[in-house]
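Quick look at what Swiss-Prot lists:
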- Asp314: active site, proton acceptor (ACT_SITE)
- Lys22, Ser23, Arg27, Ser170, Ser171, Gln172, Ser198, Asp314, Asn337, Lys341: 3-phosphoshikimate binding site (BINDING)
- Lys22, Gly96, Arg124, Gln172, Arg345, Arg387, Lys412: phosphoenolpyruvate binding site (BINDING)
Amino acid sequence: MKQLRLNPINCINGEINIPGSKSISNRVLLLATLARGSTTLTNLLDSDDIRYMLASLKQLGIQYTLSEDKTECVVEGNEGPISSASVQSLFLGNAGTAMRPLCAALTLGQGEFTLTGEPRMEERPIGDLVDALRQLGADVTYLKNDGFPPLTINATGLNGGDVEIAGDLSSQFLTALLMVAPLTKDSVNIKIKGELVSKPYIDITIALMKQFGVEVINHQYQRFEIKAGQHYVSPGKVLVEGDASSASYFLAAGAIKGGEVKVTGVGRLSIQGDVKFADALAQMGADIEWGDDYIIARKSTLTAIEMDMNHIPDAAMTIATAALFATGTTKLTNIYNWRIKETDRLAAMATELRKVGAIVEEGHDYITITPPAELNTAAIDTYNDHRMAMCFSMMAFADCGITINDPDCTSKTFPDYFAQFTQLAK
């Protein structure tokens, strides 16, 4: 197994332009596919999740050209649903941002499609989405366990009408349903069962759909209305914002050991909820400055916070490791959906924080972190989870440094993360 040793870093300073957002990249690839016209996507993320989406689109007959550095893609729109005369089997790795939307999109056309993935993907639920698609007339069959991939879709189009979907597990299910709703036979009324998690991710979806000419009427996140007869039309060019979750590591770094760190590609005008991470850092005492398309974090004394993290579940993980450098006990609540991500992130985070000496309480949907008087070095297991690897890079700011096992798992969203991170070290 590959290991990366991060020696103690005394100061971090500089500017970084964040790679494109994973969740925006895969959404716009699918919207551009379903749209009329050609769409040029710039600042596209080059990572595993995006490669799985691109490979699947190519297999389905979608035409696109990708620049040499893989950050610009020109997609020739399919002008509606994807159909296939031959049986298609698509392998989607552990890419939830490809599995969920494609599962929904492939019910719209005609054909037989099987979606498979890595073993972890077979543990990541999709039942809430499939239940909703079945209400609209989809024919979906599970191949192993009910409610989980792999699955087969016998596509004949979707009817539209009233549909209920659970909102308490993952916002990706609703995102997938929203993106296909305009292409059903009738208007769609979506009613949310339970509390909707990660609302800002739904805002991203609705904003991107609007860019492609489709209106969603949002009734306080309880009900969503999508009128029939709408079509996706290419806006011509789409700039993919920098990934706000990826920005969180550099902002936390600036707050813990700045100097100052300026992150460009996200800012006040961002459509991503994860930029609110900077507000959480500010509550801990960090010195934060906002621009339209940048955020600066400067060093300050950090104190513990107690916060509901439902609105920023991915970036909240960075608060868990930043808490090692704050005075007091930090409590992050309403984070049950950490458990159904790339790994069970709640269990993984608790285990690894204890390795470096933190006192940790792991609840069903919360975690508390109290830093020790002195942090210990350790070899951090990353569970094939990009965010675990990046979060624990913060331990480089401890006097003991840290070892990261399997550092290349960052390829899911940020392949050269550690190179960029160490470049800012003084």
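Cβ coordinates are placed from backbone N, Cα and C, and glycine is handled just like the others.
On a predicted model such as this, the values are computed, not experimentally measured, just so you know.
Residues within less than 8 Å, Cβ to Cβ, of Arg387 (phosphoenolpyruvate binding site) and separated from it by at least 6 positions along the same chain comprise Ser245, Asp314, Met317, Lys341, Glu342, Arg345, Thr413.
Under a cutoff of 8 A between CB atoms, and with a sequence separation of 6+ in the same chain, the neighbours of Arg124 (phosphoenolpyruvate binding site) are Asn94, Gly96, Met99, Phe148, Pro149, Ile340, Lys341. Spacing of Lys22 (3-phosphoshikimate binding site) relative to Lys412 (phosphoenolpyruvate binding site) is 9 Å (Cα to Cα, whole number). When the Cα positions of Lys22, Ser23, Arg27, Ser170, Ser171, Gln172, Ser198, Asp314, Asn337, Lys341 are compared pair by pair, the longest gap among these 3-phosphoshikimate-binding residues is 20 Å. Counting only residues at least six positions away in the same chain, the Cβ atoms of Leu169, Ser170, Val197, Ser198, Pro313 sit under 8 Å from the Cβ of Asn337 (3-phosphoshikimate binding site).
In this structure, the C-alpha atom of Ser171 (3-phosphoshikimate binding site) lies 19 angstrom from that of Lys412 (phosphoenolpyruvate binding site). Counting every protein chain shown, the Cβ of Gln172 (phosphoenolpyruvate binding site) has 25 other Cβ atoms within 10 Å. Sequence-ordered, the extra residues of this chain that approach the phosphoenolpyruvate site, with Cβ no more than 8 Å from the Cβ center of Lys22, Gly96, Arg124, Gln172, Arg345, Arg387, Lys412, are Asp49, Asn94, Ala95, Thr97, Asp314, Lys341, Glu342. The Cβ neighbour count for Ser198 (3-phosphoshikimate binding site), using a 10 Å radius and every protein chain shown, is 23. Each residue contributes its Cα atom, and for Lys412 (phosphoenolpyruvate binding site) and Arg27 (3-phosphoshikimate binding site) those atoms are 16 Å apart. Classification of Arg27 (3-phosphoshikimate binding site) by DSSP places it within a helix.
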